[in-house]
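In TrEMBL this protein carries:
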type: COMPBIAS; residues: 1-12; note: compositional bias 'Polar residues'
type: COMPBIAS; residues: 19-31; note: compositional bias 'Polar residues'
type: DOMAIN; residues: 573-660; note: domain 'Clp ATPase C-terminal'
type: REGION; residues: 1-40; note: region 'Disordered'
type: REPEAT; residues: 117-151; note: repeat 'PPR'
type: REPEAT; residues: 152-186; note: repeat 'PPR'
type: REPEAT; residues: 228-262; note: repeat 'PPR'
type: REPEAT; residues: 263-297; note: repeat 'PPR'
type: REPEAT; residues: 298-332; note: repeat 'PPR'
type: REPEAT; residues: 333-367; note: repeat 'PPR'
type: REPEAT; residues: 368-402; note: repeat 'PPR'
type: REPEAT; residues: 403-437; note: repeat 'PPR'
type: REPEAT; residues: 473-507; note: repeat 'PPR'
type: REPEAT; residues: 508-542; note: repeat 'PPR'
Amino acid sequence: MTALLSSISHSRGSIPRNGVSSLSKRFTTSHPESKSKDSLMAVEHRARLHEFLHGKCKSGKIDLREAFYFFDYMIHMQPTPPMSSFGILLTALVKNKHYADIISLQTRMNSVGLMPNFITLNILINCFCKMGRVGDGFVVFGALLRRGFNPSDVTFTCLIKGLCMEGRIMEATRLLKKMISFGCRPNVVTFATLIHGLCRSDNTIVALQLHELVVNGNSKYSITCKPDVVWYGSIIDGLCKDGFIDKAKELFLEMKRNGIHANAVIYTSLIHGLCFVGDWEEAKSLFIEMLNQGVQPTTVTFNVLLDELCKNGKMDEAIKLYKLMIQRGVQSNTNTYTILMDGYCLVGRIHEAEKLFVSMANKGCMPDVVSYNILIDGYCKNKKADQAMNLFREMISKGIRPTVVNYSTLLNGLFIVGRVGDARKLFDEMQVNDVAPNSCTFTIFIDKLCKNDCVLDALEFFHTLENSKFELTIKIVNCLIDGLYKSGRIEMAWELFHKLIEKFLGPDVVTYNIMINGLCKEGKLKKANSLLLDMEEKGCIPNVVTVDLLMMKIIVNAWIHFHHFLSKKPTRSRNDVLTEPKNVLGKQYKKMFSMNNVKLHFIDKALRLIAKKAMVKNTGARGLRAILENILTEAMFEIPHTKTGASSVNAVLVDEDAVGSVDASGCGAKILHGDGALEQFLHEEKSKECMGKDNVAAQGGVEPQSISLSL
């Protein structure tokens, strides 16, 4: 251990190893005064030392220079003070986080033959662990064992904390088990330390399980321990960050039942978790409870609430909350102003954001790189590229190094206003200044080149990326495929699509949507359907955009067929008009519902009524689409959640009640549950129809033939 401490001493220059500081020379300099005067001075110095150790050190309010002064005095005193006096001084330095200085002082003590005791060795272990040097902490632990000392729960807790800080959770857990073999019982601090480490390393569920075992006395350690506020706070914070807000609330209530009062950290964690899941009302209620309980909200608490309000564009409420923050004496910080600026930019109040940005310095908060980027982004979105560029240059002139986010934001802004040349120059400047572009930067660059009619330049840049070591993302490829398709380079788009499958990475739903959209615009519905099937076979689930693209094209085609027949044969019966076109509309809708093994059936009268409603409104394809969506929406939402057996959806039926009248909406499509439900319904309807015909025949009348369309 001495060799280790010596090496540490060589790396520190704050305290001389050989000799003493200038402040302590008075203790080694011979004085011409009489022995009696010398004796009086010694008494005076001892009195000052006693006051320092038992007054300032115990309170923790010490000056580092003063601590060095009295340390020098102590190591030269005759007789040397007890090691407990050194322990008091070192403990005070630990409270003030002077860990490296403590290690240097321990080295000085070794060099003059003052051997550490159990307390000073534990202090040294704690310092090494707090500095992220748990390996050196274990070296001291070994020295402690060799000197015959028995480690305490404090010793193990320090080492467990050091392991957790380095992410060595499994080793920390094993060390907790080893405590028992040394005759040490883990206490509330030990468990709280391990639980905090588990939560920090994304093992919150494991921490929760440990909590339940220890509290219920079922753990392998055979120890029952009552948690404290730090213990609960760590788990609640971890659960909120992982999205388990209901479990966090349960633990919060358990804590209150056990008589443990929540602190600002716990309230803030819960408020943040509630805001994250969008439960603003409960977050607000919890904040009010916090105030009623006399718990002072922190800057972080207010920032969490402000962020939620600003993200939702509630700027008037956000300003009221900010004023409350000031009234309660809570100090705002740079992040507070950044959040408010972001909110103003979001709702288009860029001038308010500018005023806030200017006022930051007067309030003692200097803008950082994030603050600058918020305002730069606001300018870019409002197409104020010159102001954005000026602010960017101002940021650099003030010594703030721009990040890849700043450059990407500004690139996007320049492309939006069509300043392609300036964007290219900025991209080159970015690399000259050793700011490496990331996937977001490359996506912006290729996407905006395409949107500024520089598709071939984008393609050339893509090939450059392809040949570099940069790993291409699907977003980058999607931007280029979209650009190629929209610029009429369809063959090149398909070539890249097939190349994507062969070489790069699997296409995602956006890729398929781009290709399906292109095929629909070309009128190639059959090929679009084939691509949809291919998409499903590869495990890529269609989203609402996919269905929307196909539905729109289907409905447009149906409307074109409808008007074609109507204009061509105006005297033709409407029933024939609906049935003669090759069931373009029916087949496509049937296909979509069959994807969920559900049949879709339209009664012929319902089809006539749908056509009549569309013609009366004279809204074209979009109107027809709106009518159909209104009828089928509820069924579309329910079908994906159907169960098997008797509760499964067998078919969706559209009759006259589902459509309603020309002026009013109907009840929507009827959902038929259970196997064979549609067949049973049709059989019943046929029976009713036959009975009706018999009655009409008996009266000498004739009923027109009923036509049903199974779509």
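Each residue, glycine too, has its Cβ placed from N, Cα and C.
Proximity of distant same-chain residues to the repeat 'PPR' (263-297), defined by a Cβ-Cβ separation under 8 Å and at least 6 residues beyond the stretch ends, is recorded for 229, 232-233, 236-237, 239-241, 243, 245, 248-249, 252, 255, 304-305, 307-308, 312, 325, 328, 330. A Cβ distance under 8 Å defines the sequence-distant neighbours of the repeat 'PPR' (298-332), meaning residues of its chain 6+ beyond its ends; these are 264-265, 267-268, 271-272, 275, 280, 283-284, 287, 290, 339-340, 342-344, 346-347, 349, 352, 363, 365. Under DSSP, residues within the repeat 'PPR' (333-367) fall into helix, strand and coil as 26 helix, 0 strand, 9 coil.
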